[in-house]
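According to TrEMBL:
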SIGNAL    1-29  signal peptide
DOMAIN    31-324  domain 'Plant heme peroxidase family profile'
DISULFID  41-121  disulfide bond
SITE      68  site 'Transition state stabilizer'
BINDING   73, 76, 78, 80, 82, 94  Ca(2+) 1 binding site
DISULFID  74-79  disulfide bond
DISULFID  127-320  disulfide bond
BINDING   169  substrate binding site
BINDING   199  heme b binding site
BINDING   200, 244, 247, 252  Ca(2+) 2 binding site
DISULFID  206-231  disulfide bond
Ligand code: HEM
Ligand SMILES: *[C@@H]1O[C@H](CO)[C@@H](O)[C@H](O)[C@H]1NC(C)=O
């Protein structure tokens, strides 16, 4: 943004601000800001950090699980805490969607942090913002970059299992599918490739990479053999393997080095380095941790700015699992 605005630009800016303040009257998309809670809940970042530090200390993998939860929240009608809502006899949420069921984990960690936040600042901080901060802290606690998180999201009063099924990419996705699914969210191929670097931490169940290790040819032979040892041809569907064999719980650029060595765990991972449009970028990230970190941060902020479509009724939930 320019430092000095010309008078005409200033006029236009003033008008735009007035329109956004006066306009709508309902659930118009709010402008997020890192200072959103600086007067209403100045301790929120510290409370979330402490909660994440204790969760990650208890189990390193939890950092990965929370980062993934944020991605799965944001890709379904924006980052609105919709993934956190429990099913009830009259409400079907997102937890039962294919990409989430028996897979997304860490809901108790968000509950515990929310309870702490409520003690200090009652009915002030949304679950969606807590998840955004928690994901940032997860990355940093495992050795990755940090950044200031724009805040001011509201929590949804609805969720969509069908949108969760439609919007979240599966492990068998082609490069073209990945680019188009991220494109549908306003994210570029570069954003997609940088965000996929999240797979430098965490684990995958055997059922999601079995086909790759038994049938694909663009895979390092000794890596495939290693993975087959704990992922049999049949059975053991839920057996876990780390995405990154060298540094499974460190947020580094090893994911890209693995891709270059044809040691991507999922079919969708290796699609980023298989003779296509993302090869050069993968090579660049594999040799430059700082370039990866910078692009990852940019893309996380962009993904975090996805907001519910206008007209969606929102609130600050008191309990992340249910609407007020
Ligand atoms: C590009 C398309 C993507 C696909 C197809 C994909 C698919 C998957 C799959 C199949 C798993 C294993 C789930 C399980 O075994 O239960 C997984 C785990 C994970 N994903 Fe992705 N993912 C993608 C992008 C992302 C993005 C953008 C992020 C975050 C920015 C992310 C973060 C993670 C993390 C951290 C884990 C490990 C979770 C844990 O250990 O609990 N993924 N992903
Ligand atoms: C596969 O990986 C192993 C172990 O890292 C390495 O020694 C070997 O050279 C790789 N094979 C190929 C064909 O690149």
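Each residue, glycine too, has its Cβ placed from N, Cα and C.
The Cβ of residue 94 (Ca(2+) 1 binding site) lies under 8 Å from the Cβ of 72, 76, 82, 83, 85, 100, 159, 160, 161, 164, each of these being in the same chain and 6 or more residues away along the sequence. Considering other CB atoms within 10 Å as the measure, the emptiest surroundings among the binding-site residues 73, 244 are those of 244. A 10 Å cutoff on Cβ-Cβ distances gives residue 169 (substrate binding site) a total of 18 other Cβ atoms nearby, all chains included. Taking the C-alpha atom of residue 80 (Ca(2+) 1 binding site) as reference, the shortest distance to any of the recorded positions 199, 247, 320 belongs to 320. Taking 200, 244, 252 as the binding-site residues under consideration, the smallest Cα distance to residue 206 (disulfide bond) is found for 244. Considering other CB atoms within 10 Å as the measure, the emptiest surroundings among the disulfide-bonded residues 74, 206 are those of 206. For the recorded site, residue 41 (disulfide bond), the DSSP three-state label reads coil. Cβ proximity to the Ca(2+) 2 site centre (mean Cβ of 200, 244, 247, 252, cutoff 8 Å) flags the following additional same-chain residues: 201, 243, 246, 248, 249, 250, 251, 253, 254, 255.
Note: residue 247 (Ca(2+) 2 binding site) has non-local neighbours 200, 254, i.e. same-chain residues 6+ apart with C-beta under 8 A of its own C-beta.
Checking each of the recorded positions 68, 74, 78, 320 against residue 121 (disulfide bond) by C-alpha distance, the shortest gap belongs to 320.
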